[in-house]
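Here is what TrEMBL records for this protein:
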type	residues	note
ACT_SITE	Cys113	active site
ACT_SITE	His246	active site
ACT_SITE	Asn276	active site
DOMAIN	107-184	domain 'Beta-ketoacyl-[acyl-carrier-protein] synthase III N-terminal'
DOMAIN	230-319	domain 'Beta-ketoacyl-[acyl-carrier-protein] synthase III C-terminal'
REGION	247-251	region 'ACP-binding'
Amino acid sequence: MTYSRILGTGSYLPDTVMTNAMLAERIETSDEWIVSRTGIRARHIAAEDQKTSDLAYIAAQRALESAGLQASDIDLIILATTTPDMVFPSTASILQEKLGIPGVPAFDVQAVCAGFVYALATANGYIKSGMAKNVLVVGAEVMSRLLDWDDRRTCVLFGDGAGAVVVGPSEEPGILHAKLAADGRYRDILKTEAQIAGGEVDGTPFLYMDGPAVFKFAVKALSDIAEKTLAEAGVQQDSVDWLVPHQANVRIIEATAKHLQLSMDKVIVTLPEQGNTSAASIPLAFDHAVRNGQIQRGQTVLMEGIGGGFAWGALLLRY
Ligand code: ACO
């Protein structure tokens, strides 16, 4: 049987850093409030001329390099984003053109902050079924473009960035199990509802969030799906070497780690310097931990993500 495994990782953060102190000069907030409620200290903001595909391109190149592969070795691109370059074509198609690999199938996945887990689970299915060999999976976002910079309840939370992995076939597992879920009944607690209609933007184009409702939903949903993923894979909690959670709020991360009886020194946390980068947050954290030597080959890693939709998922892998 063919399994899939991660062959290489890469990521990219834009140069401009916006600290809490910089935000406090513009709106009524403070470093103390933001750090104590969220754990966030700073976030990276894309330059005006940088689009999601530009961030994705750099992360993808770094992932290819770390996998020891060329772009021409890739036979499928799956890109998770909430902030596509345009309504269509897909950002994955634009990335494919930048990578210079015409003909390779490419599509976007929209599951907001759960997008990367959805995309990686999809890549796993393609490889296991023999429909693809080497898949480039990217999570890339310019969340800064969806923010109302006068709304202190949301603008302090998000940042921009991209992360990527190359996944390929393997005799040994690899990706052990993935579990996805969605519940559209909760779509109104976290959304950007605007659409383009009749040549105009119809509805508010800014991110809206009912913070306390999202917090409550996220802790329960993530705890449940992580537990079920481990049970279905037949893996004990204490066999997990690393938890790589979606980086939205350190209190959500701590609560889910506690539920899984994982101490925080087994949890990858990049949130303080990056904020919530939506679909990019898990691959950014994963690449960070691989490059600094925390996550090593052969170790067991649990990824978990949740976002608007609501959509959520967990994925267990042996790196
Ligand atoms: N600075 C100062 N005060 C603020 C700020 C700010 N940046 N933002 C809100 N406040 C104020 C509010 O106006 C309110 O004041 P009021 O009582 O006078 O009206 C007070 O702080 C409390 O507001 P709450 O929204 O109740 O604050 P809470 O403690 O719930 O923290 C937060 C807000 C951090 C958003 C929290 O609810 C949370 O983390 N929710 C999870 C949502 C999340 O992580 N979303 C990320 C995207 S979703 C995802 O990725 C899963």
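Backbone N, Cα and C define each Cβ position, glycine as well.
Location within the structure of each feature annotated in TrEMBL.
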residue: Cys113; record: active site; CB count, 10 Å: 31
residue: His246; record: active site; CB count, 10 Å: 31
residue: Asn276; record: active site; CB count, 10 Å: 23
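Taking the C-alpha positions, the distance from His246 (active site) to Asn276 (active site) comes to 8 Å. In this structure the alpha carbons, written CA, of Cys113 (active site) and Asn276 (active site) are 9 Å apart.
Across the domain 'Beta-ketoacyl-[acyl-carrier-protein] synthase III C-terminal' (230-319), DSSP helix (H, G, I), strand (E, B) and coil residues number 38 helix, 22 strand, 30 coil.
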